[in-house]
Amino acid sequence: MSTHNNNNNTARVTAARRVAIFGGTHGNEMSGVALVNLWTKNGAEIQRKGVETRPFLANPWAVEKCVRYVDTDLNRAFTPENLSAPGGDELPYEVQRAQEINKIFGPKGSQEAYDVIFDLHNTTSNMGCTLILESSKDSFSLQMMNYIKKAIAPASCLVLLNEHPHLKYSTSRSVARHPVGLEVGPQPQGVLRSNIFQAMRVILKHALDFIELFNEGMEFPSCTVEVFRVLESIDYPRDANGNIIAMVHPNLQDCDWEPLNPGDPMFQTFDGQTVHYQGSSTVYPTFINEAAYYEKQQAFLTTRRETLAANAISKA
Amino acid sequence: MEPTCFPAVSRVAVSGGTHGNELTGVYIVREMQKQEVDKVGSVSVTTVLANPRATDACRRYIETDLNRCFTNALLSAPITDSTPYEMRRAQELNAQLGPKGSEKAVDLLIDLHNTTANMGLCLIFDSLDWLTLHIYKYIQSKMTKMPVRAIQLNKPRSDAYCLESVGKHGFAIEVGPQPNGVLRADIYNTVKTAVDLTITWLQEFNSGCTFEGGEVEAYIAAKSVDYPRDPDGKITAVIHPKLQDNDFKLLQPGDPVFLSFSGETVNHEGEELYPFFVNECAYYEKKIAFHLARRETFTLPSIRLRT
């Protein structure tokens, strides 16, 4: 799908004809697994005129074992090296799986790649509904996110932008031209909560409505979208052996998206001391105390608030 | 009336990580080991990480649930090459902290757990024991900012399968909601307070204090309810939003309990009971969506040290 600006600054974007919905990229994030299983049995709810919508279980072995991954994190596996690695059966399970997914929905970066992949995730963090954007220049995805936010108001759906040179990672959805992450929490791993399941379902409904409207020729005028841009990853304080020596402070726990000011409590040691945030300015933390990130050396991410401009878009 | 007398409770064991992804107990025990806690006044304290391999892997268990391995039968089963890790570990723990049922067993065993269910702070007992119920009464009187509840699993001692049944007295401290693999500071602080209060109570008991009797309420486990499933065994409904997070709120016939993926509500049938362990992650594989309990009031006698 190519995009280019015409004289009036409207980006002309090819229609989104092939859309995939990934659940179970992490096998213990249950909302996406349940939704994909549901829609695989009966896909009526996700059908839209003029678009093929394909539900897909990204990591079936991890889903069966109800673990995040079997050998390695599938949602970090879509690097160019992995996608072209020889070795077949000898490769870690998720690298093999990444290559299969790239064949079905890609190849990543090519003309044949799927137009949109929605990747459904849960988090143990109190993030509510969060859409994850991989590029500030993706006007199509930005317009979709603007549409979704307006459709569910006054309920909230925030946008996390990860364009960070080091912290950005090679996601399963990155195979598509327009990768859209959907992260809903808090929900424990291995648990299916009704409210979280419903929230994800509603967001996807609006996302697919947007695609249908766009494909039918609706023009979306330029707009601004508030996003939270990833700044840095903050780890737990650790001892010389790498063991954590403090926990997310009670004042910070569950306070995703609320301002964290220099001097605010950040961690509490096991013997009750407070560690304060030492940054030079106010940041907006997210992914606070996500279970899967202890091993990735991350207690939370910091972000800053930004307003992005999205070009007007219409079907090419 | 004369108080009921018990011998001194001078040997206590605190265990964490019986389930390796229930992190509060893991870190409380590690911190106690770092501080080299081994004697507090009249009480000697042993700390143990019950399932170290599962803790290292941050999983509930490696081969089988350790906290189901402590029946008399399993503890005396011969060990062979094919004996699962947790069964061997149970026998090691029984040798270290027991043997269960013998004079050598620790006087009190406290096992620390977390649940994904919204249960607050609970003390879980295998059987009713005036001494441990007094500890419960004491903790409840001191920790007033949150509900503190007692649950009794209602099994004869020999069938008791949990680690705490190894001690002469025992209970589990179960606190939620906390996801597996997550360590929350508020829950850590809560459990630490409960453990400290227990040790304080023991010192007062051992020094000869009389603890006045009174009434306590406890939830007696009655039955469990599974998720609706399809012929392939896959669940077809989730815990209904009106039941989710409402552990210990009385469930009456006609109250919604499940919401199917296609939008139908399934209602509770049968007697009024109190739900708990509502949507506990580890119980999906045990075919339990929630447990149900009756609530009963017990009259505790006064107790003091036997001299």
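Backbone N, Cα and C define each Cβ position, glycine as well.
Note: TrEMBL annotation is automatic and uncurated.
Keep in mind that what you see is a predicted model, and the values were worked out from it rather than measured.
Straight from TrEMBL, the features:
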DOMAIN    A:16-211  domain 'Succinylglutamate desuccinylase/Aspartoacylase catalytic'
BINDING   A:His26, A:Glu29, A:His121  Zn(2+) binding site
BINDING   A:Arg68, A:Glu183, A:Tyr293  N-acetyl-L-aspartate binding site
BINDING   A:Asn75, A:Arg76, A:Tyr169, A:Ser170, A:Thr171, A:Ser172, A:Arg173  substrate binding site
ACT_SITE  A:Glu183  active site, proton donor/acceptor
DOMAIN    A:224-304  domain 'AstE/AspA barrel-sandwich hybrid'
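Structure coloured by features recorded in TrEMBL.
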residue: A:His26; record: Zn(2+) binding site; DSSP (3 states): coil
residue: A:Arg68; record: N-acetyl-L-aspartate binding site; DSSP (3 states): coil
residue: A:Asn75; record: substrate binding site; DSSP (3 states): helix
residue: A:His121; record: Zn(2+) binding site; DSSP (3 states): strand
residue: A:Tyr169; record: substrate binding site; DSSP (3 states): coil
residue: A:Tyr293; record: N-acetyl-L-aspartate binding site; DSSP (3 states): helix
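Geometry remark: A:Ser170 (substrate binding site) versus A:His121 (Zn(2+) binding site), CA distance 15 Å. Here the binding-site residues are A:Arg68, A:Arg76, A:His121; the one with the fewest Cβ atoms within 10 Å of its Cβ is A:Arg76.
Each of the binding-site residues A:Asn75, A:Ser170, A:Thr171, A:Ser172 was scored by other CB atoms within 10 A of its CB, and the lowest score goes to A:Ser170. When other Cβ atoms within 10 Å of the Cβ of A:His26 (Zn(2+) binding site) are tallied across all protein chains shown, the result is 27. Excluding the listed site residues A:Arg68, A:Glu183, A:Tyr293, the same chain places A:His26, A:Glu29, A:Asn75, A:His121, A:Thr123, A:Thr124, A:Phe287, A:Glu290, A:Ala291, A:Ala292 with Cβ atoms within 8 Å of the centre of the N-acetyl-L-aspartate site Cβ atoms. A gap of 14 Å separates the Cα atoms of A:Tyr169 (substrate binding site) and A:Tyr293 (N-acetyl-L-aspartate binding site). The Cβ neighbour count for A:Arg173 (substrate binding site), using a 10 Å radius over every protein chain in view, is 28. Report note: the substrate site is defined by A:Asn75, A:Arg76, A:Tyr169, A:Ser170, A:Thr171, A:Ser172, A:Arg173, and the residues of the same chain whose CB lies within 8 Å of the CB centroid of those residues, excluding them, are A:Thr25, A:Asp73, A:Leu74, A:Ala77, A:Phe78, A:Asp119, A:Ser174. The Zn(2+) site, placed at the center of the C-beta atoms of A:His26, A:Glu29, A:His121, has further neighbours from the same chain whose C-beta lies within 8 angstroms: A:Gly24, A:Thr25, A:Asn28, A:Gly32, A:Arg68, A:Asn75, A:Leu120, A:Asn122, A:Thr123, A:Glu183.
Shown in sequence order, A:His121, A:Asn122, A:Thr123, A:Met127, A:Cys129, A:Thr130, A:Leu131, A:Ile132, A:Leu160 are the residues of the chain, 6+ apart in sequence, with a C-beta less than 8 angstroms from the C-beta of A:Glu183 (N-acetyl-L-aspartate binding site). Sequence-distant neighbours of A:Glu29 (Zn(2+) binding site) (same chain, 6+ residues apart, CB-CB distance under 8 A): A:Arg68, A:Leu120, A:His121, A:Asn122, A:Thr123, A:Gln187, A:Gln189.
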